[in-house]
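*Asks:* Can you keep this structure in mind? I'll have questions shortly.
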Amino acid sequence: MASSKLLASATKQASYNMFFQVIFRVMTFLLNAFLLRYITKEMVGVVNVRLTLLYTTIIFVAHEAFRRACLSGGDKRNWRQTVNLIWCTVPLGFVCTVVFSSVWLYLLERPDPDVIPHYRLGVLAFAASAFIELFADQLWLMTQALLFVRLKVVIDSLWIAVRCVTTVILVVYFPHLGLIAFSIAQVVSSAALVLAYYAYFTHYIRTASADDSFPLKTIQDFFPTWPTGKKPWTSPELAKLTWSFFKQGILKQLLTEGERYVMTIFDVLSFGDQGVYDIINNLGSLAARFLFLPIEESGYLFFAQSLKRGKPIRDQDKESLALVSRVLQSLLKVVVLIGLIILVFGYAYSFLALDIYAGEMLSSGSGPSLLRWYCVYVLLIAINGTTECFVFAAMSQEEVDRYNKKMLVFSVLFLTSAVYLTRWLGSVGFIFANCLNMLARIVHSLYFMLGYYRGSQWRPLLGLVPSGWVSAVLVISWFVTSSSETMLCCDQGWPYRILHIAIGAVCLLVVMATILLTERDLVMFVQEQWLSRSQQHNDNKSKQDQKATNRRQTDSKKQS
């Protein structure tokens, strides 16, 4: 019963986290679209790349490993020792704040004070905001470990809202502040987050004193104290686990922030180019996050439940294997078609999209070219995500461990190629480096899948190739929309822009119609899944209606 409750709460928390991520991305998207008309691209580069990297680096070194370690242990953890350990983030965070602030101020290239004044204040403010948030780590731990799901979503949303609203007000009504506006918003939002945690749990302790499951009984328990008896101040096992998590997290941090580290340390791009690349990267990643990530997660769940991990194809259940092969082929066809549509139409509409989104700042320079090449990267992301979700479900644990070591090699190659390609090609070099990284991973996955299906009757990799008619229509659509952009868009006024959009809409409708008429296996698969879900929904509804009818009959008998 306890495990079921934990699973239900964890699932609920995952749903809330997904909702929060969507809200976060949407608010960031809208905020950038508004602010980009009031600030320079150099300001975007300093804030979104240089100063944000300082903030995330302090957060990672000071408390990421402590958080993960302190969440381990389950119900048997000693809460006093756990709280003591996580408070170690404060002195460590202070050291990190001083060290990294000094690096950002004295070792890295500083922006031109005539273009971006108050850089020193910005560094101190972003570093201080990371340090301030460490004072709520023990309450964040309670929220996560004891599954205060809604509380975390509310406080995180408050943090985003305070930062967005403060930034907009200061930038719009006090434009002379420049970087000071972003610095104030960063510190205020971090302070609001900490105060919200303390306010809620102070209220909770005073009003829910009968809750024996909550480990903190008084406000003094928020802070480190010496345990009773002969117990050590903190758990040696958790301390060792923290160090292990820190070593594991270094690779993750380099992968997550690798591009920003390259930009910051090697000085391969100007602050203006950094700002443009960061905006394009955020725009381009929307497709990966909202379209492909749900497909990858659902696909991995299905493959992992249907396949026997680490077993060759001859030891798999034939019926399950046939269904898995069909699902894999269909998913590959779906993501390839979506990726190709984005690639074809992204080429002709990148300039217009950026001009509408942020005006001349993005559409006049390298922005359109970056977004066009990013559409190529999106196609590779789509293929890699789907192939890897199958590979990870079919691999044995030993094969997964070996692949993780290969990922380290891929990461080193990515960072190395990013440095040289960016120095040679400019901002687009980052996208080329990402494409090379994706291609290497795709080749590895295809090699595994070809070996897995060798000698069998199933050919799921045929899903990577669209039908001839679809390919032809996509090529024609690319030619038509590209010609439309050259002749009609985008400096001849809105009537011609609308005509350009209309031509693209007609071409997209023709592509969709061609897919429906020629990709019959994919259409049949989607129809079967839709009918299956509808039938399942109707069956569940019938069962509920039958239960309600039986309940009413029982109540009627009791009354009579």
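Here, residue 1 is simply the first one shown, and the rest follow in order.
Placed from the backbone N, Cα and C atoms, the Cβ positions cover glycine too.
Nobody curates TrEMBL annotations by hand; they come from automatic prediction.
The transmembrane segment feature in TrEMBL is assigned to 22-39, 45-62, 83-107, 119-141, 153-174, 180-200, 331-351, 371-395, 407-425, 431-449, 461-479, 499-517. Sequence annotations record features per position, and here TrEMBL assigns region 'Disordered' to 536-560.
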*Asks:* What residues elsewhere in the chain lie close to the transmembrane segment (461-479), defined as a C-beta under 8 angstroms and at least 6 residues from its ends?
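*Replies:* Tertiary neighbours of the transmembrane segment (461-479) are 328-333, 336-337, 340-341, 344-345, 347-348, 383, 446, 449-450, 453, 507-508, 510-511, 514-515, 517-519.
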*Asks:* Check the transmembrane segment (331-351) against the transmembrane segment (499-517) for contact, please; criterion is three or more CB pairs under 8 Å, pairs 6 or more apart in sequence.
*Replies:* yes
*Asks:* Residues sitting near the transmembrane segment (83-107): Cβ under 8 Å, six or more positions beyond its termini, same chain?
*Replies:* 50, 54, 57-58, 61-63, 66-67, 69-70, 120, 123-124, 127-128, 130-131, 134-135, 137-138, 141, 216, 221-225, 227, 233-235, 238-239, 242
*Asks:* Does the transmembrane segment (499-517) come close to the transmembrane segment (371-395), meaning at least 3 CB pairs under 8 Å for residues 6 or more apart?
*Replies:* no
